[in-house]
Structure formats: C-alpha cells, structure tokens
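Here is what TrEMBL says about this protein:
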- 1-36: region 'Disordered' (REGION)
- 23-36: compositional bias 'Basic and acidic residues' (COMPBIAS)
- 149-208: domain 'CBS' (DOMAIN)
- 212-270: domain 'CBS' (DOMAIN)
- ASP308, SER309, SER310, GLY358, MET359, GLY360: NAD(+) binding site (BINDING)
- GLY360, GLY362, CYS365: K(+) binding site (BINDING)
- SER363, ASP398, GLY399, GLY400, GLY421, SER422, TYR446, ARG447, GLY448, MET449, GLY450, GLN474: IMP binding site (BINDING)
- CYS365: active site, thioimidate intermediate (ACT_SITE)
- ARG462: active site, proton acceptor (ACT_SITE)
Amino acid sequence: MSALGGGAARERSRSPPPQQRRGRPDAERDEKRLNDGKALQATDDLLDGFSAKQIFETSGSLSGLTYDDLICLPGRINFGVQDVCLASMFSRKIALRTPIVSSPMDTVTESDMAIAMALEGGLGVIHANFPIEVQAREVMKVKRYKSGFIQDPVCVSPTMTISELDQLKSKLGFTGFPVTENGQMGSKLVGLVTKRDTDFIKDPNTTLGSIMTPLKDLVTAEEGVDLKAANEILQQSKKGKLPILSKARLLVALVARTDLKKNAEFPNATKDPINKSLLVAAAIGTRPEDKDRVQALSAAGVDAIIIDSSQGDSIFQHEMIRWIKKEFPQIQVVAGNVVTKRQAKNLIECGADGLRVGMGIGSICTTQDVCACGRAQASAVYNVAKVARAYGVPILADGGISSPGHIVKALALGAGAAMCGSLFAGTSESPGEYFYAEDGTRLKRYRGMGSIDAMKKGSDDRYFGATSAIKVAQGVSGNVQDKGSIHRYLPYLTQGLRHGMQDLGVQSVGQLQQRLQEGELRFELRSAAAQREGGVHNLHSFERKLFAD
C-alpha cells in the first residue's frame, strides 16, 4: 500500500460516520432556532393585531367604526367559563352583576321588565311616555316587589259574565282570578273564580258573582306575611291561590302555588343593600314640568334618573342635571346621549354620575339619515369612555347591540354596561300584546322613541320638538319576533358574554378594561369579506337556535 493510500485510510478512519456528519448541523440549527424563539418571546414580534389606541387614535383613523368592523383577538385561557365575573358599574354608586340595562322605550320597559331585569342582576329604565303619576306608580311596583308575590294580579268584577271571562282567559292564558268590588286591584275582595267554578256552567251570560267562591270560604293571609309563611298556608290548605289582604280587607297581593313552584332564588339580583328592595331607574325629559316628574319619582323611591335626549349636550340638560343633584343628591343621574369627548366632559362637569353613549345607531333610529348627525358606535364608546374614565364616571353603550358578541365588544371598548332595546322588545315582559304574522310567526310591536307614533304620546321632547308645529320623525315603527321570557333570554346573553371573555383570556370586566388601557387587549379591523366569513355562509339552508335549555 502506498504512503498516500495509507494516509487516506487513516483520514477516513478519523472521519465520523455519515449520520454523525448530518447530525452536527441539525443540532446546531435546532439550537439556533431555540435561541431565536427565546429572543422572539422577548420582543413584540409575538404581538398580533393592534391596540384600541392604535386603531382609534392614530392620525390615519379617519373612519368611524362599528362593532362589526372590529374583531377581538383571543388570549390565553387558564380558567373555566364559570369563573368569569360580569360585575360592573351602571353609575358612580350603582353596581350591577349583569352589565345589561333595558332601554327606556315605551315598547320595552315598564314595571314587569324592570322587575325581571333587576332579578337577573341588570337594571330596567322605565320610559317617560305616560303621565307622571303612572310612571311613579310603575316605579313603586318595582320597589314593592317581593319575589313570589303577584303585586298586580288581574282582577274581575262580580258583574262580569262567563263569556267575557272566557275571552279574558284566552287572551291571558290562565284561568283563576280574584273578584273585587270594582274589578280593580286595591279594592275590597269579594271572592275568587277558577276553572272549577265555570267548567259546568252552560249559560254564557251567568255573572261571576253568582258562581264564584265567596270570601268567607277562602283561605287568606294578612299583609306583611312572608313568602315562607304564605307557602306553608298554601300547603296546609291545599289551595291553589292565597289572597293577601290589608286590615280593611282590600286586596294587596296574591300568591299562587304554581308561581311558588316556578319561583327560583335570584342570587345576582340588583338590590338596595339596606332595605333589600329591587333597584330601578326611570327616564325624564328636559322640560320645566319634568322637575315635577323628578319629584314624583323620588317620592316613589327611584334609584336613578336617565335624562332622555337624543343630543344630550344642551343647556336644558345642563340645568336639569345641576338641579337634580342639588335637590335630590341621593339619586344617581345618567346624562346623555353623547358621542364625543367634549359632550361627555360638559355633562360630567355638570354633575352626571353616568353617561349614555349612542346617537342614531339603533335598529329603529333614523337620526343619522334625517339629521346627518351621530357617530359609529364603536368609535363613540371608545372615545367617550376614555374621557369618562378620567373622571371615574361609567358609561352605558346604548344601541347597536344585536348579539352577545356586541356586548363583549362594548365592554372591551370601555363601557360599564350595554343598554338594549330591540333585543328585549319581543320578550313576554315587554309592553304590548303578541300577534301572528301570515306565516305564523309570533310578533310584538316595537318602535323608536323618535317615531311619529311615539312622538304623539309625548316623546317629541327627546328631540326638542315639543313646541314645533311639524314633527320630524327620527325613528320608525316595526315588529320583532317573540323571544320568550327575560328569565330564559337574559341567561343566554350572559352565558355568551362569559364565553366571549373566556376566549379573550380575562376573568372579569375590570381585568378586560385594564388590558384595554395597557394595550394588551388586541383588535383587528375586518374587511367586508372577513365579516361574511365570520357569519354563517356556504349553506343551502340552516336553522338558527340561540340556546338550549
């Protein structure tokens, strides 16, 4: 063997095998990737999307943005959906466990809605489109409400006939009624009529006074009885209904066994911490006579006043805020509506405890079309919330809400709660009666407070048109589909909220808004194609069910 050949053999013997020669660069490459990954974690390269400040406050932000224009980017989940806390603030002093408020519209909120909203942890705002004494009475119904007691039962008179009673039963859906002297609540009870009393009566002209169970044969309880005692009386007597009477034998309430069976505890109820009554708000205008309305509402026990105006930054509202805060300092005043920082600052400096944000963005509102004035809601909420936060004043995102996702976005942009109208207009607690469309769909009427129909009842003051000979509509009237009871619908909304906040990686509204301020909450703008992609698409047909029991 030559020397050259021997040297080559020794060199080959010192060379690593092929797999080792390939492994060394791989190991070096893996180590480099690991170091690059560690470096990446220490930089902003992992930060997707944009902060709200970048989207709304950069010099290139020339367009108003709606909720649908934005999408929130997900965070990291290290907790269960049941651990999400929705507690937030309605005003400086009123806290909510459910950050949702019903709008002061005459097809949305009266006492039934306000009671249901408060029981579920939100708040109802009773509209002002009826006489002062009627609105005050609606407030009193909420304040006097006791879970399990029917405070306003439908009564009938002894002179009513069976045929008239049949019509009433088919309309209301239940069969038992207290019989009072004049057929009204608060008058003397004379008996009770049930299905058992009427089943075998053939003459439709028979009066109820001749067939009812008279008072002397009824089991009753005195005013002041608690729910537990009332329940025991019903169980022992094996009766279906228990009238509650005053010392003068006037009917003040009714307890029904079927309602007791359905009655559930409402641990999230919005209550006064001292007297445990439900909290309620009411709307007023800015006319001089609205001062009389405030006095009546205060006497009725109202907890908050909403000054209801489409454009809140007016001298009329400034004066009203100052007057209320001077005369009734215990009442929280929510002013508005506003959509700009300057509007917000002006009302806060007058003494507002909360702000209502939104102009022309409701599903039945035409203000932006008619008056060329308003603002896209996401832009309005973010900008007003930024100013209000500096003063410690919560804001209500009013309008533009059509899904739980919109409520998540409103809270993510700084709102303390979302105010909803159309979402609740089709529920059984909203005013009005159901009717059926030609296709069998069950509907209820819903109208904007700027519609001509609502203005004729008095809401034109909201648009500074009370003294005008010509009323210019800034809203429409329409119909909405039946959504069932608030007690089924609101839990769907709140569960959707919890899932949304869990996906964002936040456990509370406070944490959500802290991340908003720190820039850790990230957003992206959505193109029209992205919005289509984010909804249901590419199906021949589909059925949408909002929730399952």
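Cβ from N, Cα, C; glycine included.
TrEMBL does not curate its annotations; it predicts them automatically.
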What is the Cβ neighbour count of TYR446 (IMP binding site) at a 10 Å cut-off, with all protein chains included?
24
Could you tell me the maximum Cα-Cα distance in Å between the residues recorded as binding NAD(+), namely ASP308, SER309, SER310, GLY358, MET359, GLY360, rounded to a whole number?
14
What's the CA-CA gap between MET359 (NAD(+) binding site) and GLY421 (IMP binding site) in angstrom, rounded?
14
According to DSSP, how is the domain 'CBS' (212-270) divided among helix, strand and coil residues?
20 helix, 16 strand, 23 coil
Number of other Cβ atoms within 10 Å of the Cβ of SER363 (IMP binding site) across all protein chains:
18
By a simple count of other Cβ atoms within 10 Å, which of MET359, CYS365, the binding-site residues in the record, is least packed?
CYS365
For GLY399 (IMP binding site), which of the listed binding-site residues (SER309, SER310, GLY360) have their CA atom within 10 A of its CA?
GLY360
Count of other CB atoms lying within 10 Å of the CB belonging to SER310 (NAD(+) binding site):
22
State the Cα to Cα distance, in Å, between GLY362 (K(+) binding site) and GLY421 (IMP binding site), rounded to an integer.
8
Let me know how many other Cβ atoms fall within 10 Å of the Cβ of GLY362 (K(+) binding site).
25
In angstrom units, rounded to an integer, how far apart are the Cα atoms of TYR446 (IMP binding site) and SER309 (NAD(+) binding site)?
19
Could you please provide the mean pLDDT value for the domain 'CBS' (149-208)?
87
